[in-house]
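Scroll down for the structure; my scribbles are underneath it.
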Amino acid sequence: MQPKDLAKKLFSEKFNRTSELNVYAPGRVNIIGEHTDYNDGFVMPCAINYGTAVSGAKRDDHTFCVYAADLDQFDRFRLDRPIEQNPSEKWTGYVRGVVKFIQERCPEFTQGADLVISGNVPLSSGLSSSASLEVAVGKFCQQLGELPLSNTDIALIGQKAENKFVGANCGNMDQLISALGQQDHLLMIDCRSLETKATPVPHNIAVMIVNSHVKHDLVTGEYNTRRQQCEAAAKFFGVKALRDVSIQQFKEKEAELTALDGEAAKRARHVVTENQRVLDAVDALNQGDISRLGELMGQSHDSMRDDFEITTPEIDYLVELAQQVIGKSGGARMTGGGFGGCIVAVAPVEKVEEVRKIIADNYQKRTGIKEDFYVCTASQGVHLC
C-alpha cells in the first residue's frame, strides 16, 4: 500500500475518525551537484516517486499527537509550551523541530492535531527521507493553521529544523526539491538565490537508483567535518562561500592552500569543479546530449571519490558495474551525502534491464550485501492528496 493510502487508513484506525488534511512530500535523487548546496552553489536534483504522507485532523486543544506508522511509535507534545527534544526517539526531532520553527515564524500557531506519518523512502539511503518528512509536516502545519508560508518558506524551515534541532548540518537542496519539484523535470537550484530552472527529462531516458545498503548517518562526524573544511577553504580565499571561487582562481592559489591544508584544498577542488559541472550539465540536457551529461556524472563521481573522499568500495563497484553497460549512452555516480547510500544512473530506457542484471549478478557476490534497484519518475513536489 502506498504511503498516501496507508496514512489515511491508519489514521481512522488509530484515532477512530476520518482525516481532514492529507499531505504528501517526495524524496529526491540528485543527478549532479554534490556537497555544493551548503557552499551556496548549484545542484540538479529531481523529486522522486517515493515519499512521506501525513494524514491528520484538528484537535480541540494544543497537543500534537503523532503516530509514525513505519516505526509503530507515538509522540505527544504541546504547542502552548516550549517544544523540547525527545531524546529517546530520534525521528521525533524532525517533527518537533519543524513545528518549533514554524512557531518562530508564526507565533499564533498553537492548533493541536492528531496525525499519522507514513513513508517509503528507504532510511539512510541518501534519498532524503528526512527532508520529505520535514516538508510534509511543514505543509501540514501551514494548511492546518492557514499560515502565510510559501513552499520555499516551508523548505527552509525544514532545513533549519535539521540544522538546529536534529543537529545535521545539511544544506537546503533536499528540502527545496521536495517542496518545489516538478513532474518529469530536473530542477537546477541556485542554493544562494534560491532561483530554480526546470529542465525536462527526455522521455526515452530512465533514472535508476541502486541502494547499496551500506548505511550512512549524517548526524555523526564526517559530513559536518566536510562542511567545516569547506568553510576553512572559503576563508582562505577571502570569500563568503566556495561558490564565489572560479576554477581559474582556485588553480592560481591551489599550491598555496595545499601547503597550508592539503585536505581543505582537495575538498575545495571538488566543490569548485562540481559547481561548473552542474552548469555544464544543464547545457547538455538542454541540447539533449545525454552522453555529455553522463561524462559529467562520471567526473563528479571521481571527484567525490578522490577529492571529497566520501564514497565506499561498494558504491564505487556499483558505479563501475552500471557504467560497463551504459558506456557513453548515459552515466552513473554516487548520490547523496556519501559513506554508503545510493548510486544514480541515467541511461536510455532499453538499458534498464541490462543494468539491473549486471548488478544482480555481481554486487552481492562480491560484497555479501543485497542491493535494491528502483526505476524512478521525476515527480511533483509537496501537495495535498
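Including glycine, each Cβ sits where the backbone N, Cα and C put it.
Positions annotated as site 'Transition state stabilizer' by Swiss-Prot: R28. Less than 8 angstroms from the CB of R28 (site 'Transition state stabilizer') sit P45, C46, A47, I48, L127, S128, A131, S132, M173, D174, I177, S178, G181, each of them six or more residues away in the same chain.
The substrate binding site feature in Swiss-Prot is assigned to E34, H35, T36, D37, Y223; the stated evidence is sequence analysis. Using a 10 Å Cβ-Cβ cutoff, T36 (substrate binding site) registers 28 neighbours.
Secondary structure at S124 (ATP binding site), as computed by DSSP, is coil. The Cβ of S124 (ATP binding site) has 19 other Cβ atoms within 10 Å, all protein chains considered. The ATP binding site annotation in Swiss-Prot covers S124, S125, G126, L127, S128, S129, S130.
Residues annotated as Mg(2+) binding site in Swiss-Prot: S130, E162. In the three-state DSSP assignment, the secondary structure recorded for S130 (ATP binding site) is helix.
For D174 (active site, proton acceptor), other Cβ atoms within 10 Å of its Cβ number 30. If you look up Swiss-Prot, you'll see D174 marked as active site, proton acceptor, on the strength of sequence analysis.
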Proximal residue to E34 (substrate binding site) among binding-site residues S124, G126, E162 (C-alpha distance): G126
Binding-site residues clustered about E162 (Mg(2+) binding site) [Cα within 10 Å; pool: T36, S125, S130]: S130
Substrate site shell beyond E34, H35, T36, D37, Y223, criterion: Cβ within 8 Å of Cβ centroid: G33, Y38, N39, V43, G171, M173, R226, V271, G337
Assigned conformation of H35 (substrate binding site) - DSSP reduced to three states: coil
Rounded to the nearest Å - Cα separation of Y223 (substrate binding site) and S125 (ATP binding site): 15
